[in-house]
Structures are given as C-alpha cells and as structure tokens.
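Asks: Pasting a structure below so you can have a look.
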C-alpha cells in the first residue's frame with residue numbers, strides 16, 4: 001500500500017534533470033527586478049510593474065548559438081507586446097476580452113508548437129495577456145503601457161546579450177545546442193492550438209458568467225493544466241496547479257500581511273523570479289508556489305496591500321475553476337484517434353481543393 005502510494009506521489013515531487021546555467025537565472029532576476037527597483041526610486045512603482053512584465057521575456061533565454069538566441073529574444077519580445085496590446089484593447093467588454101484571450105492563446109500555442117519551443121512554451125505569452133486583462137481599462141494610457149512593456153523586453157534582451165557575451169568570452173559554452181527543428185504536422189498543431197484556445201477562453205467566460213471579478217487566474221490555470229504531454233501529465237499538472245497555488249497563496253498572504261514597503265516588494269519580485277526560473281523546468285508544482293505571489297504583485301499589488309484576504313479567496317476559486325476546465329480540455333485533447341481522424345479528413349479535403 002505504501003509502495004503504491006509512493007509510486008503515485010513520487011512523480012509529483014520529483015525534480016527533473018533540466019538544469020540551466022546560474023548566469024541565466026541571475027539574468028532573469030535582474031530583468032524582472034531592476035525595473036521595479038528603478039520604479040520605486042522614481043516613485044512610479046506601478047509603471048515599473050509593466051516594465052517588469054516585459055522583463056519576463058528573459059525566461060525564454062536558450063542555450064543556443066548567439067544569433068539564434070537573440071532572434072528568439074526579439075520574437076518573444078514582439079509576442080509579449082502583441083499579447084499585451086490585444087488584451088488591453090479588448091478590456092472594454094468581457095466578451096471581447098474572452099475573444100482576445102482566445103486569439104492570443106491560439107497564436108501563442110500554434111507558434112510555440114510549430115517551432116517546438118521547450119518549456120515554458122506559450123505559457124508566459126498568455127499570462128501577459130491575462131495580467132493585462134486585470135488592469136483598469138484606459139485607452140489613453142495604452143500607448144504608454146505598450147511602450148513600457150516594450151522597454152522591459154528591450155532591457156531583457158540587452159541583459160541576455162551581456163550574459164551571452166560573458167558566456168562566450170569565458171568559453172562557458174557547455175550545453176550550447178542548435179535550435180530545434182520545426183514541427184511538420186501543421187494541421188495537427190492547428191487542431192491542438194484551437195482546442196487549447198477554446199478551453200482557455202471558455203474558462204474566462206465561465207468565470208465572468210459566474211460573477212467573478214477580474215478572473216485572470218482562471219485562464220492561466222486552465223492553460224497550465226491542459227499543456228500536459230499526456231493525460232497522466234494533465235492530471236499531475238492539475239494537482240500541481242491546485243496544491244502549488246494554494247501554497248503560493250499562503251506565501252502571498254504571508255508577504256502582504258507583513259505590510260512590506262515598495263523596496264521590499266521589488267526585492268521580493270527579484271527573489272521570486274530567480275527561484276521560479278530555477279524550478280520552472282524541474283518541477284512545475286514547486287515553481288507555481290513562487291509564480292503565484294509574483295503574479296499577484298504584477299496584477300493587483302495595490303488591492304492586495306489593503307485586502308489580501310479577499311484577493312486570496314478570489315484567486316483560489318479562479319484556480320479551481322480554471323484547473324477543472326483545463327482537466328476536461330486535456331481529456332479531450334488526448335483522444336488521439338479522434339484527432340488523427342480529424343487531421344486526415346482535413347488533409348484529404350485540402351488535397352481536393
């Protein structure tokens with residue numbers, strides 16, 4: 001009995017052997033934390049948050065040749081800006097926001113699958129769109145916000161370039177590998193991306209229909225669960241998401257109950273980013289513990305300072321709802337025979353035209 005229980009629990013807490021160089025972790029922490037430190041210094045903490053959101057693009061730093069690495073950073077930065085813009089423009093109506101999140105989810109999933117991007121794949125593109133959906137709708141402020149997130153992406157690219165220069169100058173090139181080949185099954189990717197986008201958008205619309213306020217965690221949780229490589233992985237991610245988020249919300253409650261000043265919050269963001277970057281490819285459940293308070297600081301720091309208890313309650317409900325929707329989406333997505341037949345039918349139809 002104990003052995004069987006341990007066999008089920010072991011995959012949930014095991015650390016995968018996907019280590020990254022320490023310089024990459026430090027680069028991510030600086031990309032995300034530096035804008036907030038500058039924002040606090042200039043008395044513009046909220047603007048610093050938007051810049052830090054762009055700094056998250058540094059998480060896509062790859063151990064590839066320099067040219068490939070910098071092209072990847074440029075494209076990721078562009079994708080972040082597009083995701084943020086599309087979501088921000090749709091903020092005037094919940095239905096439009098649902099469509100916007102669905103479109104971002106489809107495009108991000110399709111592109112990341114086609115170019116076989118390793119983890120975190122499409123996750124942070126969609127997270128940026130969801131965080132933007134939680135911001136107050138202000139069309140006049142949109143150009144400034146887009147400029148700030150673009151600046152954050154540029155800062156991340158500059159720091160990645162500096163780290164890469166040091167890495168290559170010191171011949172610390174162990175683990176450098178060429179980029180992955182593209183995925184040739186375009187129709188299969190299209191069907192997968194469409195399914196994922198549908199369930200992500202559905203989780204947001206369902207949360208809105210149930211009267212939830214700014215339910216940005218519902219689509220994030222749905223995405224995190226549905227991305228499992230197998231149905232067992234979907235179930236594991238469902239557990240990871242709910243348990244990891246519960247622990248992360250406890251950590252967020254502890255942070256805000258201590259009533260930290262803005263300098264402390266900025267340093268906490270840097271520390272949380274550093275730890276999450278270490279864990280994101282090794283154990284998703286552990287990473288979620290630190291991503292959760294990070295996301296709350298990005299999306300609703302001002303509200304959390306005044307009423308952390310209501311924030312914790314609302315986000316936990318979001319996570320449970322989104323995870324359940326993601327679980328059903330993962331169940332459908334892993335009906336391999338159904339999707340194989342659908343793919344063949346579409347290919348046959350295309351050949352006739």
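Using N, Cα and C of the backbone, Cβ positions are placed for all residues, glycine too.
Where the annotation comes from TrEMBL, it is an automatic prediction and has not been curated.
When I checked TrEMBL for this same protein, it listed these features:
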type     : residues : note
DOMAIN   : 204-327  : domain 'Integral membrane bound transporter'
TRANSMEM : 73-90    : transmembrane segment
TRANSMEM : 96-115   : transmembrane segment
TRANSMEM : 122-140  : transmembrane segment
TRANSMEM : 146-166  : transmembrane segment
TRANSMEM : 186-210  : transmembrane segment
TRANSMEM : 239-256  : transmembrane segment
TRANSMEM : 262-280  : transmembrane segment
TRANSMEM : 287-306  : transmembrane segment
TRANSMEM : 312-333  : transmembrane segment
Asks: Who are the chain neighbours of the transmembrane segment (122-140) in space, where the CB to CB distance is under 8 Å and they lie at least 6 residues beyond its ends?
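Replies: Beyond its ends, the transmembrane segment (122-140) has Cβ neighbours at 53, 56-57, 59-60, 79-80, 83-84, 86-92, 97, 100-101, 104-105, 108-109, 111-113, 149, 200, 204, 214, 216-217, 219-220, 223-224, 227, 295, 298-300.
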Asks: Using DSSP, how many residues of the domain 'Integral membrane bound transporter' (204-327) fall into helix, strand and coil, respectively?
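Replies: Secondary-structure composition of the domain 'Integral membrane bound transporter' (204-327): 104 helix, 0 strand, 20 coil.
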